[in-house]
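Sequence annotations record features per position, and here Swiss-Prot assigns domain 'Myosin N-terminal SH3-like' to 35-84. Feature annotation from Swiss-Prot assigns phosphothreonine to 66, 1254, 1500 (among others). The domain 'Myosin motor' feature in Swiss-Prot is assigned to 88-781; the stated evidence is sequence analysis. Positions annotated as ATP binding site by Swiss-Prot: 181, 182, 183, 184, 185, 186, 187, 188. Summarising the annotation, Swiss-Prot assigns phosphotyrosine to 389, 424 (among others). Sequence annotations record features per position, and here Swiss-Prot assigns region 'Actin-binding' to 658-680, 760-774. Sequence annotations record features per position, and here Swiss-Prot assigns domain 'IQ' to 781-813. The coiled coil annotation in Swiss-Prot covers 842-1937. Annotation comment: Swiss-Prot describes 1091, 1236, 1260, 1494, 1513, 1553, 1738 (among others) as phosphoserine, evidence class similarity to another entry. Look at Swiss-Prot and you will find 1125-1171 tagged as region 'Disordered'. The compositional bias 'Basic and acidic residues' annotation in Swiss-Prot covers 1127-1155.
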């Protein structure tokens, strides 16, 4: 590396002397005298290494003289040669001649002494903390390093940053800078400098401001400002560092395609939240607390309600409160400014300060203990008020939540009391949680602000994470931090050493693999492997009873002695207790595991968190918006997390984040910066040798230098090398012929004058030693300088030669011009020449003018063309620029796509290899898992065998219980003897007290036995084997029977007391029976009320049927009237047409008669008669109209009265319904009271049972022990037989249950098939009904066609009438004309008369034909009416079919209810089986506890037995046979002592195995819980299927109901019956508690339906009124038509009369004209009336259509109500699940339900057409309740039997416990031996279990890795395919262009 001159260093300004030695120093160093043979470094204990000079050598010893003048004699291997002076303070230690520890140490020390803190060490940079400010980060330094290569500038963090930046731009690869080192080494400062550098060099060109949204500064300012804010909340003073980062951060700075800043983001790790509440003495909490209290911003003090003295707050004053190197006031302003720059809103800013202040107040909250209670209560509320105010909470709610939190137990929440310490712990946890979540929220907000949404391509990541920590007290936080450093060190080693050497092998370079001893895999696997420290910690967190001790024991069992990195710490005085030690790369660390389980689970007070979530402060509420407690997570995400945990632990989250970080780092090109802490005292310039050497070793600095020297750190591809360095010797590579790049590179390097041992040729690259590539670069620069100089000389020579030629041409031209000018000067004065001068221009002027004109035209054309060509040229230039830009972009895109494609292919290949390896591992693990499953199956079989033997022993226990009854009989015989033993009472009282205590202990042990089920099974397995041994021991114990007899009659008083207690118990039992009788009487009363309601329902059903009949009759009448109205409407229209035609004819006739000369007198009289008849007809018409109107009004009134009556009936029914609902609620309250009474009775019963047990225990103390021991063997045998029979009985019951389940499954399938069949039948019936409806529609259509035909005939008739009228008018005209011209035109009149007579004859014939046709039409009308009647019959048949369908539906409902009943019975039986199983488990558990407790008291009893035996031996000595008994007792004593030793050893083994067995039991219980949850899930799925079926059938039923909407109109009659039935149902539903919701939902649906029906009824009423109006109008039209018909007939008669008396008609002509005029006016009025009626008809039709549309809407609403009912049915199913506890109350209603069923059958016949749907529902409900009543009665009977049995069992068991206590001496030996065997069995089982768990864990992990690998492979393959397709498209596009 070439050192720059002082002039070159001038650009660094005042930083130059801190970066590189001056030229003067370098020259002095080179001229410094140096003896390479004698100048050495020597190892020395104090200084590690010292500079020395060799004095002499003697064999393997060397004598040296140190700099301080001391003489030392050391071994040769402790002497290291010194580097020449020119290497002093060398910038890259890899360049040193002698590379060793002292050389590196002293180079760093000398540079540090000269304040050159940065030094290269091979491929990475080493920096030493100066502990003072140096001017090496000034802006001029930043500018000086920009764009400089590494070897062109001194070592600096800016150089590393710039190299990473340049690599990112040139290599198009993400970069990372890993700044690592111990705490206090300067990592955070260097991180800030890196960010400063990028923010300076990568800004946009004109420093544009970001004006979007909330941003207050540029992106560069925000990136820089993020550090002060994060440091304020995340940095604190520690022992080693005043500004220590207590969290790790990975800052990614994203750059755009041009290398400018695009955005940034920050990821944080491991915030040390415990520092919020606890600090060591020499440390302090986070800076923000002390910044706030610095009083720089007084408004904060006032806003946060705090003081300026940190000592007032406990959380922040446990250590120091000031730091000399930090000005808290200035830091507060910087923090406040950073918050503003980063775009936090004012509200968010205030929230940050308030939450910080609230944390401070939390530490001052005081609590005290209540008097005579452990419950905590607040000791003052002032501090809590402040904290709650700052968090926008209610102070009382906060204190209540802290002291009385609500805890979820099952599905309910209960209030839990807290001790004072628990409350303080909760407050501390909440403070830490608030602070941590606020910190993470701030990081998220910063990231949102830094994300500018600009396009970004690559990023540079800067990692600043807490360094390695070794404290006196190291906890879980230190383990996580140290583990992170282990992983980073491993990544560094892998990148620097392993990958480097693997690259050599891959390229085929001769290389001997060097093991640098930096393999950290052992320590990492110890921490993170499946059975490592984190795995065991997470496993312990899953167990509720796990403690720190159990965690430590598991760690020791798993790793102590098995791993060299796991050690047991040695106790050291003055230091905190350590539980285990880990050997890290940086040293051995002692860890204290106190509180690790709680830290890992990180529990919070859920009640306070709930308050936080509801806080008015948005920030606080958002912090905890996603929080869910462990219980809630367990319920919501069961099985979703790894290893079955219901929540993610701190360690799991930490490992997940760490893995993400390592993945990010592996995807980048890393640059390493090693920070070194020079001393522990923070003294500038001082360096502790041992401390620095330790860091150099641990950081891998020396190994990095060594491999850099030995290896080949620089490499380049052959093609690139040939292209770049060909210039060094172009002649070495021949031109014009192909030559391989590798051979060309070899020739080129061979021809250059360099050291040929400094490079190697690989397969694809050429490798260089350190420094050689730099030398080649310098040679290339020199060669390029030479070539450029030569090129410049040639170019300059060429240019000068061209200029010389131009000069020659100019010279010749000048000579020519001079010659011509001289000649001209000689001849210009000649006369001829003057004339020539004058004439010559004139000759050419004309030509010149023409030429000028031509030239102008050409000039103009040329100018235009030039303009066009210029525009075209510009356009083409723009296109060319655009195309060039697109071409460049495409080339860049193709290149990037090619690079990414290659990378993706490489990753894909790697993933495929990993996948294959993982598949092989999975196959292996699967095989091992199968083996383990087989072993588990064998263990399960053994377990079942043990269970069988346990059942046999239970039978033996039952036999023992029978002895209680016998002892009761003997009690009376002992009463007389007790009087004689009263004197011995005092001596025996103590024994009795002991026995009582032992009895209680045995009972407690009996209860505890349930927790150790598996261990007891093993013990029971050997009890049967010990029976023979017990028989032998009985003979030995017979000698002690005499003394035991005395204990039979010792407590007469106790007996009397027991008898009194028994009497009290009997009296309480009688009270309970009386309460039961009262309940029965109440139930009977309710049954009587139900029967009354049923009778009411029947009456209402009868009324409903009558109303339905009336409605049907009215509907039929309405239809007939509608048809008549239509017919009359048509006939009326035709009559109107006829009337108008006749009017016109009359007018014509009158005109003709006037023309003929007037009318005769006869005609006048006829006209008068006609007029009178017309007046008469008009009066008749008006009278008929009035009569019809009166009739219509009467009908209307009648209809309105009927509607009002029906409304009143509806209101009455509503009131009845409300009354019934009220009675229902009252009955429900009574049922609740009865339930509470029953619970009180049950409690009283339990208390009585306890009293009975106590009395029985006291009675058992009076029992004789002689006969008990005498009968012991026989009773055990009997008990065994009984247990065997019970086991057989249980197995038989189990088989029966299985058979029942299978039978129910079959019945379920049959029910499903039956349901499908019913569905099919329903569809067929629906199809038939649709066919009938279609036929009815077609018939109606035919009817309409015939009606139209009838109307056409009427129109024809009207036409004839018009013709007749026309003829009459003609007659009148002729008459008039005749009167005028009678004399003149007599003949004409005669002819006209004849013609008129002919025309009248023809008209009469036509009229007759029309009348005949009308008669035929009447017949047709009659026939159609008959057809309509037939269709009505068909409709009735359809209704009958609907009724049949209803009946089938009811049958279906019956089948469904029976199936539901069977299902519920099966579920109840399943629950009872589960209860029995739990009861048996409880009993077995109690037995096991009793046995274990008997072991505890065995020794005491044995000593007592020995004393008794000694007394027996003393008594026998007084007799003659004393000696013999003593000898026998001594034998027994020896034997017992020997057995005692054996038992003691076995007992210890059994205890150890018992612990293992307990762990096994816990694991099995977890597995059982998982299986149970799976079964519950399947049951839930089945329930959902059943619910779906129910919903489907409900929809079918509701659809059928919608087809009967017409019948719903008759609901008023059926309402009374329905209400009565609902009342009965409500009486029964009182027993169903939560199932009442179904009734409520159904009631609401019914009300909605009633509302819809009321609307429909109103529309129907409107339609009926409209129909009545139409009927009235029809009657009017009919009367008018009849009048017209009569008028036509009279006109016909008039015509005949006119023919006979023509003369009279002439006289009456004038009157006829007047009448015609009157008729005309009347006709016009009738036409207007007709139009009005037609408008009314059209309006009525529109109203009818509206009614139809409204009915359709009502149908849609009904369907919607049906869907709502289905949803409510689903909710009902959920609510029914909670009604199991009321089933016992339902059983008493069985008889009532049967009566209801009978009456419902009768009601069904009465209301077949009425309230069918309601009755069907009620019947189904009744049947359901009937089944439930039966089940409840059965269960009640079984419960009574079980109660009696359990009472008997309790008595027997209490007696048996006394028997066990007395017989414990004989059982001792047997139990000890059993325990020994149990130990061995447990040990074997535990080992198998552990091996199985380990294998399963490995299998799961491998399976998970395989899945991830497969996913990655698939993703990579898809990406490769996409990239290939994209690349092809790009190439195609380029080629097309």
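Every residue gets a Cβ built from N, Cα and C, even glycine.
When pLDDT values are averaged over the domain 'IQ' (781-813), the model yields 93. Long-range contacts of the region 'Actin-binding' (760-774) within the same chain, counting only residues at least 6 positions beyond its ends with a Cβ under 8 Å from a Cβ of the stretch, are 1-2, 92, 94-95, 122, 151, 504, 506-510, 708-709, 712-718, 721, 742, 745-746, 749, 754. Residues 181, 182, 183, 184, 185, 186, 187, 188 make up the record's ATP site, and a Cβ search at 8 Å around their centroid adds 129, 241, 244, 467, 675, 677 from the same chain. Neighbour density for residue 186 (ATP binding site): within 10 A of its CB lie 25 other CB atoms from the protein chains shown. Here the domain 'IQ' (781-813) has, by DSSP, the following mix of helix, strand and coil residues: 33 helix, 0 strand, 0 coil. Annotation for residue 185 (ATP binding site): spatial neighbours 129, 467, 675, 676, 677, 695, criterion Cβ-Cβ under 8 Å with sequence separation of six or more. Under a cutoff of 8 A between CB atoms, and with a sequence separation of 6+ in the same chain, the neighbours of residue 187 (ATP binding site) are 179, 180, 181, 245, 464, 465, 467, 675. DSSP assigns residue 66 (phosphothreonine) to a strand segment in the three-state reduction.
Cα distances from residue 186 (ATP binding site) to the modified residues 389, 424, 1091 are smallest for 424. With residue 1091 (phosphoserine) as the anchor, the candidate recorded positions are 184, 188, 424, and the one with the nearest CA is 424.
For the region 'Actin-binding' (658-680), the DSSP counts in helix, strand and coil order read 9 helix, 8 strand, 6 coil. Distance from the CA of residue 183 (ATP binding site) to the CA of residue 424 (phosphotyrosine) is 31 Å.
The Cβ of residue 188 (ATP binding site) lies under 8 Å from the Cβ of 231, 235, 243, 245, 464, each of these being in the same chain and 6 or more residues away along the sequence. Taken residue by residue, the domain 'Myosin N-terminal SH3-like' (35-84) breaks down under DSSP into 3 helix, 31 strand, 16 coil.
Following the DSSP three-state reduction, the secondary structure of residue 185 (ATP binding site) is coil.
Taking the C-alpha atom of residue 389 (phosphotyrosine) as reference, the shortest distance to any of the recorded positions 66, 182, 184 belongs to 184. Residue counts for the region 'Actin-binding' (760-774) under DSSP, helix first, then strand, then coil, are 3 helix, 6 strand, 6 coil.
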